[in-house]
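Input: a single structure, listed below in structure tokens.
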Amino acid sequence: MLMLWTFAVLLGAVAGKEVCFDKLGCFSDDAPWSGTIDRPLKALPWSPAQINTRFLLYTNENQDNYQKITSDASSIRNSNFKTNRKTRIIIHGFIDKGEENWLSDMCKNMFKVESVNCICVDWKGGSRATYTQATQNVRVVGAEVALLVNVLKSDLGHPPDNVHLIGHSLGSHVAGEAGKRTFGAIGRITGLDAAEPYFQGTPEEVRLDPTDAQFVDAIHTDAAPIIPNLGFGMSQTVGHLDFFPNGGMEMPGCQKNILSQIVDIDGIWEGTRDFAACNHLRSYKYYTDSIVNPTGFSGFSCSSYNVFSANKCFPCGSEGCPQMGHYADKYPGKTKELYQKFYLNTGDKSNFARWRYQVTVTLSGQKVTGHILVSLFGNGGNSKQYEVFKGSLHPGDTHVKEFDSDMDVGDLQKVKFIWYNNVINPTLPKVGASRISVERNDGRVFNFCSQDTVREDVLLTLSAC
């Protein structure tokens, strides 16, 4: 540690360098951009010509083939860009490129629910560098995005508050830089697992923070430390609303990372992206899925994921629950505080949306050892069976369990109860549920009753009391 401090001090003592670019301004390698404990290596960003940032416009009229636009107003006027629509600008991260399928797939989901100008930013000329260099190139790309936003306002009358920047990884900090350069006038910035190395713990002027837009929300999916866990995302809160799905570190469906001993951040990405970065990539997959599942990513205000998992943060508060992803800006209390933390669980496959329920079961019948399961039936569909309790089943006992259904069942109409013995029981005992209450995350409770008991592996249907 002493050597690192000495190294940083010596770097900071060296006279800083500066580069200037037309319309974008000047960029220095002085602190806090370089020569600090968090950013020990001094570097200047590459030129706009070398980075070659491109803006790829998709609209409802051209969903499959982009139109290339620039910050020149004439190119925008000659495109399908509509000033009466919201503009969402998607910015990729390290090693990535603007023509990856995930960006256009996100646009296509938007077209299913809204009329929108969807611009994918391609800055692969600057992202496919060493990581330390790419973190400096972020500044130039952010300046170019800010220039585009300013031209939309000055030349086309399209206000910044109708612009939404969505950045993944380093792209989150590109969005933050653009927000700073437009003095927080941009309507919304969404950070999708904002990159940790060279940003965590740095001053706000270096990274994404809540002052960069009128509303900033963030999704954290790879928040374990970079060393030794190889977590690429920030654990630090950066927005008005910060969501930590599945606790924010290990996402369902992602294998444990066997490359966790690699510590050279300039070499960890190439060739390992799809495997090593599974948690990191989940953030944009969740966002894409949230667009077509407007109620499937409810976040619960909680002090920690452990407390959330202990069923102590249900149901939603008086203002409801914010939705992680596309509809986070619909939450009434979105900007009442900074760094509000929310937790939720997701699925492990392509359909990531989940709906949380609390089930309370009061048992009847005989005393046995076994486990009980419940399935929900509503006007929106039927859930699969979920285990509520396993152990000694006593008549009159009440068991409570929260679970995350892959189906929004809507208004509950009935429930089905089933139980199984843990051991062979020749007496063929009968067990039932005299009452089952189901609470949704909005606080509405549905009550169901039955006087019947059943043998194991026999369904018991309970109707509304």
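Cβ atoms here come from the backbone N, Cα and C positions, even for glycine.
For reference, Swiss-Prot has these:
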type	residues	note
ACT_SITE	S169	active site, nucleophile
ACT_SITE	D193	active site, charge relay system
ACT_SITE	H280	active site, charge relay system
BINDING	E204, R207, D209, D212	Ca(2+) binding site
DISULFID	C20-C26	disulfide bond
DISULFID	C107-C118	disulfide bond
DISULFID	C254-C278	disulfide bond
DISULFID	C302-C313	disulfide bond
DISULFID	C316-C321	disulfide bond
DISULFID	C449-C465	disulfide bond
DOMAIN	355-465	domain 'PLAT'
SIGNAL	1-16	signal peptide
Compute the C-alpha separation of C321 (disulfide bond) from D193 (active site, charge relay system), stating it in Å without decimals.
-> 21
Residues in the domain 'PLAT' (355-465) grouped by DSSP into helix, strand and remaining coil | 0 helix, 71 strand, 40 coil
Rounded to the nearest Å, what's the C-alpha distance separating C449 (disulfide bond) and the residue listed as 'active site, nucleophile'? Just drop the number here, would you?
-> 50
Give the distance between the Cα atoms of C278 (disulfide bond) and C107 (disulfide bond), rounded to the nearest whole Å.
-> 21
Check: min Cα-Cα distance from C254 (disulfide bond) over recorded positions C26, C107, S169, E204 goes to S169
Return the residue, from the listed disulfide-bonded residues C20, C316, C321, with the maximum count of other C-beta atoms within 10 angstroms of its C-beta.
-> C321
Assigned element (helix, strand, coil) containing C118 (disulfide bond), judged by DSSP = strand
Does DSSP put C278 (disulfide bond) in a helix, in a strand, or in coil?
-> helix
Tally every other Cβ atom lying within 10 Å of the Cβ atom of D193 (active site, charge relay system).
-> 30
The number of other Cβ atoms within 10 Å of the Cβ of C278 (disulfide bond), counted over all protein chains shown, is 19
Look up D212 (Ca(2+) binding site) in the DSSP assignment and report helix, strand or coil.
-> helix
How many other Cβ atoms are found within 10 Å of the Cβ atom of R207 (Ca(2+) binding site), counting all protein chains shown?
-> 26
By Cα-Cα distance, the member of recorded positions S169, D193, R207, D212 nearest C316 (disulfide bond) = D193
For the Ca(2+) site given as E204, R207, D209, D212, which other residues of the same chain have their Cβ within 8 Å of the site's Cβ centre?
-> G176, G179, K180, E205, V206, L208, P210, T211, V238
Whole-Å Cα distance, C26 (disulfide bond) to H280 (active site, charge relay system), is 32
